[in-house]
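For reference, the structure is listed below as structure tokens.
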Amino acid sequence: MRPELTSLILAALTFVNFTKIISANEYAVKAESKQHVIDFCSHAGCSFVKQVTSNYFLIKCPSPRLRSKSGASKGNDTIQDTANKFKDTIKKVEFQKLHKNYPRTSDSKWTEMWNLNGQVLPSMKVKEAWSMGRSGSGVTVAVVDDGVQLNHPDLRKNIDSANSYDYYNVDSNPTPRSVNESHGTMVTGLLAAEANNSQCIVGVAHQSTVIGIKLLGDLGVTDVTEALSLNHNLDNVDIYTNSWGPSDGFGYAGPGSVTQSAFYDGVTKGRDGKGSIYVWAAGNGGLRDNCNADGYVNSIYTIPITSVDADGRAADYAEVCAPVFAATYSGNKRKNLTSTSLSSSCVTGLRGTSFSTPLAAGMIALALQTNPSLTWRDVQHLVVETSKRHDLQDDFSNWQLNGAGFYVSQVLGFGLMDAEALVTRAKSWVSVPEQISCSTSEFTVAQSTNFFMPEVWSRRRIKSGEECEIDSLEHVEVKVSFSYSSRRGNLILLLESPAGTKSYLMTHRPWDSIKYSDPGSGIWYFSSVHFWGEKMDGTWKLTAKTDDEYSTKVTLNYWKIYFHGFKRAGNSSPGLKTPEIILTILGAFVTFIITVHW
């Protein structure tokens, strides 16, 4: 047992087969009566401690030896030797060894929390992290959503009402005013519901502090409102969890310039300069969508999270997503999640990346409790290095081993998050060197697909130098200018690194093809984490093609690569640079409504 187990008492959790920290010479004795055990103790030189159950008693003896060694002399009997003389009254003597136990809450819906209680494998190891004394204590998480019921009996103990805010209605109370605004309260329960209070569920970070931020509403939001929400109480908030984004299936939309500035301020000024952590739902469009069309998800400043279902597969709503870091469990048609809801209720039937995201935010809170010095990039590295492939499957493609030795999926990122590994690695984590960001020039291609040439591709040879000394990549962004004869959603983009790692930056999106069926053109920034840890030097290849069943012509006009990473030793390169503002596609997000990822 690890010594941290002693702190579990502080976590307000009860245990199955709870064993306190005991001295080395304690024994459990099975007997019919207390007096029989007292008589045994007087002959064995032991002391009676207490009755444990109706027929088990705890005693303490001076000798640790339970069984005699060969040649033991008379007068040097072991505890077992003495017990044999009392075989009519003493039925069993068991030396009490220390062993590891895991917490189980007494919350009323714990048996329905299959994502945490061990009913399904592989495990996210949250109980194991709890057993290390981690509960999220001292970590503040802002839930940016459609509001939070501040007085919910399973949430109110952990909510900081004084610092919560409603940016949608511009007042200090983010409690929802409509029965349709239950989403944020559900998210908050999965993150931070109180433990062991007989109410509903227990959150992953059940002793964290929650600040409720109401951003979403029926009328939509502005760029400024988003920025204010994502920088709210910047000095005190550690993590912002966001389970919202543009509509699934069609459109290219993302943060405006003010919100992009807020992201940058968050990672450079938040947490006393260590950087705010932005956790984001990757989207629910399934394999008929691609998260790279979502500019919040593909930002280098966010940690996108997708979903695995109880069957160990990518959820049917999980998107192809080159920017996604990892997955946590969420519901499917067979097994859903349970959480808190409005009117102080507890509801089931939850499914979607919305509800995977607070689980990830909670695990990150456990890591920050362990090591508050972690930077925003340290957290990204920890998620990459501790998430597990297991034997998880998706219906898009097989796992691939990238050039740095990481297994990566086009849908599930680096795999299922592991809270125990996250906390363990956080203990001794050494911060990564300062980030270096650099880019190539725009490279003109001006080639189109046709009947005889179903795909076009372009290669760029990259060599690092004094102005860009990256030898360990993090994010790779690609600015692409393209045109299409019809059905924009038929565009497929594939980026291949010098190490041979392939990343689908864009895949077939049939709803986008229907909505944008006329000829057009666009410029967009795509991103990928699939090249994490690789070197940038060598030939990079970008391929553009269309879905085979349609005759859409795609023209690759030009492209440009942005590299983000660090130099492993002797780094003297300039720090983080402000990226270019994301350009619009056909004015597609002059006006847009934010919708919740269910």
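Heads up, the Cβ atoms here are built off N, Cα and C, so glycines get one too.
TrEMBL labels come from automatic prediction, so no person has curated them.
Feature annotation from TrEMBL assigns signal peptide to 1-24.
According to TrEMBL, the feature active site, charge relay system maps to Asp145 (among others).
Cβ-based neighbour count (10 Å, all protein chains) for His183 (active site, charge relay system) stands at 26. According to DSSP, His183 (active site, charge relay system) sits within a helical segment. TrEMBL lists His183 (among others) with the feature active site, charge relay system.
For Ser354 (active site, charge relay system), the Cβ neighbour count at a 10 Å cut-off comes to 29, with all displayed protein chains included. Ser354 (active site, charge relay system) falls within a helix when secondary structure is assigned with DSSP. Summarising the annotation, TrEMBL assigns active site, charge relay system to Ser354 (among others).
As annotated by TrEMBL, domain 'P/Homo B' applies to 431-569.
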With every protein chain in view, what's the tally of Cβ atoms within 10 Å of the Cβ of Asp145 (active site, charge relay system), excluding that atom itself? 29
Provide the three-state DSSP residue tally for the domain 'P/Homo B' (431-569): helix first, then strand, then coil. 9 helix, 75 strand, 55 coil
Reduced to three states, what secondary structure does DSSP give Asp145 (active site, charge relay system)? strand
